[in-house]
Amino acid sequence: MEAFYWLLFGGLAAVVTTLELRKTTRDRAATSSAFNSFKNNYILVYSFMMAGDWLQGPYVYYLYTTYGYGKGDIGRLFIAGFGSSMLFGTIVGSMADKQGRKRASVTYCITYILSCITKHSPQFKVLMLGRVLGGIATSLLFSAFESWLVAEHNKRGFEPQWLSITFSKAIFLGNGLVAIVSGLFANLLTDNLGFGPVAPFDAAACFLAIGMAIILSTWTENYGDPSENKDLLTQFKVAASAISSDEKIALLGAIQSLFEGSMYTFVFLWTPALSPNDEDIPHGFIFATFMLSSMLGSSIASRLLARAVPRVESYMQLVFAIAAVTLLLPVSLIAPSTVKGGSISFSGCIQLFGFCTFEACVGIFWPSIMKMRSQYIPEEARSTIMNFFRIPLNIFVCIVLYNVSAFPMTAMFGMCSAFLFLASMLQRKLMKIAEAHKSKSPDWTSMKERDDEAEPLNI
């Protein structure tokens, strides 16, 4: 079965390479040198930030097991992270809008570095503290950086459609190539060089420190609403009002929560799903394969976003439906056995292929949801609203992890699949509302073009 891992990885690599090399001018937009410099700076920073996150991914669960903790204790540690993100996420998001997104990005680096340091201790309380810090950092990672990018992009007067280029490239590299290299590097540090499962966390802290230095030296500050008369509570009210008064924003938040809730549950479950009978699987190599699948998805997304048709609201319906089908596979394929150990089973290989398809859907999801957020979320409370979206997500994941020992793994995968089907239906509703709103609204761009072409009045 070892050959299967290499065949799957090699096949995915060949497809991704072919897609990238065969991009036509229709798949690429003509941009300015100033934009390219801005884009490359952001992607460099984002790649360092994601390296700090991805290096930890394959070995969080494994590190806790080496400290002697079982599934229940590990579940509680994960709950601490998601609970922390839920409790503090909206606060740090609002602070990012008011105090500055650059400052929030630096805070992410410091907080995550401290979280990495706690991994050296086997004490449960210290590990719990690390998860709390990690939850706060995660909220900043998925709100402050994107908010800074959108605001800075608009402030510099770049074309709105160029945002999709930055989103797609950042996901392709930061959530794809960097993640693959991080997974292989973590595997090298832990297994090949024998530094142990805490080594990837030390490496992550180093990358975060480098990224922080680049932010401090090259980024300018921007804000959502810096007015002095708006306190934290007022910021919350503004965000809540925007969500409740605009059905498109509410639907977008529900779709994001359903998908990401399923995705984070998958992160917790893929290891036991592929080795239900204690099969020996290469965690780092499988993680790298997942990230290569994500690269495939982001490469497909970049082509889709470069075209006017199909619209992002349209094709994401199919993406969510495919993702739902892939997470149904473990429901029928996971089977306990009296034979323990050995290599991955045939049903495990089928599941792994399905999981790779799910990760390709994740790769399409990220730049696509970023595109929709840039269209629908108001700038003055962008970080706050984005962290509001994470509240139901974190509640869902906390409930799942708290009951991880009470429900069979197949039931949890089935629930995630149901949520993804629901996300597909809500996406369809969002598309219909957006189309109806567009048909009622005047086309300001074409009106402006007609005004510019009109002859001036001689008065």
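From the backbone N, Cα and C atoms, a Cβ is placed for every residue, glycine too.
Caution: TrEMBL annotation is automatic and unverified by curators.
Quick look at what TrEMBL annotates:
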- 6-22: transmembrane segment (TRANSMEM)
- 43-62: transmembrane segment (TRANSMEM)
- 74-93: transmembrane segment (TRANSMEM)
- 128-150: transmembrane segment (TRANSMEM)
- 170-189: transmembrane segment (TRANSMEM)
- 201-219: transmembrane segment (TRANSMEM)
- 285-306: transmembrane segment (TRANSMEM)
- 318-338: transmembrane segment (TRANSMEM)
- 344-366: transmembrane segment (TRANSMEM)
- 387-404: transmembrane segment (TRANSMEM)
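No contact links the transmembrane segment (170-189) to the transmembrane segment (74-93), because fewer than 3 Cβ pairs that are 6 or more residues apart lie under 8 A. When Cβ distances are compared across the two stretches, the transmembrane segment (285-306) makes contact with the transmembrane segment (344-366), since 3 or more pairs at least 6 residues apart fall below 8 angstroms.
When Cβ distances are compared across the two stretches, the transmembrane segment (74-93) makes no contact with the transmembrane segment (344-366), since fewer than 3 pairs at least 6 residues apart fall below 8 angstroms. Scored on C-beta pairs under 8 angstroms, the neighbour of the transmembrane segment (201-219) with the top count among 43-62, 344-366, 387-404 is 43-62. Sequence-remote contacts of a segment are chain residues at least 6 beyond its ends whose Cβ falls under 8 Å from one of its Cβ atoms, and for the transmembrane segment (6-22) they are 285, 288-289, 292-293, 295-296, 299-300, 303, 352-353, 356.
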